[in-house]
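Listed in TrEMBL for this protein:
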type	residues	note
DOMAIN	B:16-525	domain 'Cytochrome oxidase subunit I profile'
TRANSMEM	B:32-53	transmembrane segment
TRANSMEM	B:73-99	transmembrane segment
TRANSMEM	B:119-139	transmembrane segment
TRANSMEM	B:159-179	transmembrane segment
TRANSMEM	B:200-225	transmembrane segment
TRANSMEM	B:245-268	transmembrane segment
TRANSMEM	B:280-301	transmembrane segment
TRANSMEM	B:313-338	transmembrane segment
TRANSMEM	B:350-374	transmembrane segment
TRANSMEM	B:386-411	transmembrane segment
TRANSMEM	B:423-445	transmembrane segment
TRANSMEM	B:465-486	transmembrane segment
């Protein structure tokens, strides 16, 4: 294991703050579902969900504290997923 | 080199004995051999089933089996060959055995996970067998499990796709192990541009395994959900989309053909320079093209779907992208041929099989362009042209690379040599049989014979008959090669440390290697294919004579 790597142990305070953030965003998701935003219904729901995912990845899954290889592996995965979704829409959107 | 005890005589973990020393081993080399026996079993079975399918088609009407059995047989042939042979064959056997050695490591990064992958592979195979004899019998959908048929057929589709799901998990974990091993276990003196090309190809493959396999896993679960709960994801009556299944299936299954071929290309990149006694032409281009194939190969899945009813925009874009994949593949072919140019070529069964690979793969690749072009594909879609193209690339390509790898690394894995004459005869029979088997299928396809049909019109009979004869010669050739390799256990002619004059690290360790691979610390060369020492050595020997 490389010498530059350290084990990061997050404080309970920080973890509790992230958890509180996630619970708050869950409440926002529920709240927003009662408001009819028309076209923006889906984009808003996805934005909130993506924010929650980002928090989980960065803090609970330690992505913020990992080396470059792990970060790039993650970016590659997201890139691959983005390709699969967008390329499929070349079909669905133009049928 | 000091005396060493081979891994065959050193259990890992040390306290295990007998069968347990194999079934609970953490040693990458023992696991590689365990994979080898399992893969050879499935391959032989898949080949015999394939031959029975071709025997059925040799004459019009019923020859040996009825239509229902025929449908299950070609599905079984596809499932075995794809999921149990061609995807795991080279990475799981030769990758497991040689990747750690080629990078100067004593094992893979996660040895226990490696053992778990083997158990998943065996369990997946067992489930496939169980699905044969339970319920309404083996799936009759073809290996692609297309909806709506796979959702409506009464055959045992749920169990068959579960087997494929578990085999996918095994493949993905092997990929994860390889990526981590290359990053974390590589000898400190080995930079990225000193990694042998076989390991490069496995590294590129491993990324595709990690990124693409989850897609097929989820898709297969969706098929089971559809069958059990009738959700309607692929059912237009319920707002679903049947073409969505094809997208999801090919998102994995097209990159999967690169999971199948890339390790084979890695094998060829090792063999050609060794028997040409010449540094490989375009090392960086070959390493880069492996990554380029892995990336570009993930962008072209919908070229399997030109006639499915998807949008014209999609057809245009995917056709264009498909042509991009031809570039890195051609870079490899030209580099191999250029390596041989002005080399001092020494013929060997492994080299002969590699040359057959280049020829057959090139034919397969070029006919792929016929299918990649939307205009011509419309005419030959779902005909025998596709069957011939696919087998030229997969069997002529990966299959022959697998045979070449067996003959190249056999002396290192077991420390024994095999008979060259029988190996040559077997290889020639397999190749000639291959051409007689598959070339008629190109013609049948262009004449309009659809694939997967149980019966055909009278004008297709002579083509099918000669394809069947070619099939018998091909299978004879393959079994002769296997028989010859197995006979080497009987004669036990010892192999030296470096019988072929290779330059990569596996040729610096004893044959077979000791448990921790290296007796002395590995010496990493500035350039992995530097033959100056090998050539000087052979000139010295010639001078003495």
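The backbone N, Cα and C atoms fix where each Cβ goes, and this holds for glycine too.
These figures come from a predicted structure and were not determined experimentally.
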Mean of pLDDT values spanning the domain 'Cytochrome oxidase subunit I profile' (B:16-525) = 94
Surrounding residues of the transmembrane segment (B:73-99) on its own chain - C-beta under 8 Å, 6+ positions past either end | 28-29, 31-33, 35-36, 39, 42-43, 45-46, 49-50, 52-53, 56, 65, 108, 114, 117-118, 121, 124-125, 128, 132, 138-144, 160, 163-164, 167-168, 170-171, 174-175, 178, 181-182, 198-199, 202, 205-206, 209, 256, 259-260, 263-264, 266-267, 394, 398-399, 401-402, 405, 409, 413, 452, 506
Which stretch from B:32-53, B:119-139, B:350-374, B:423-445 shares the most C-beta pairs under 8 Å with the transmembrane segment (B:386-411)?
-> B:350-374
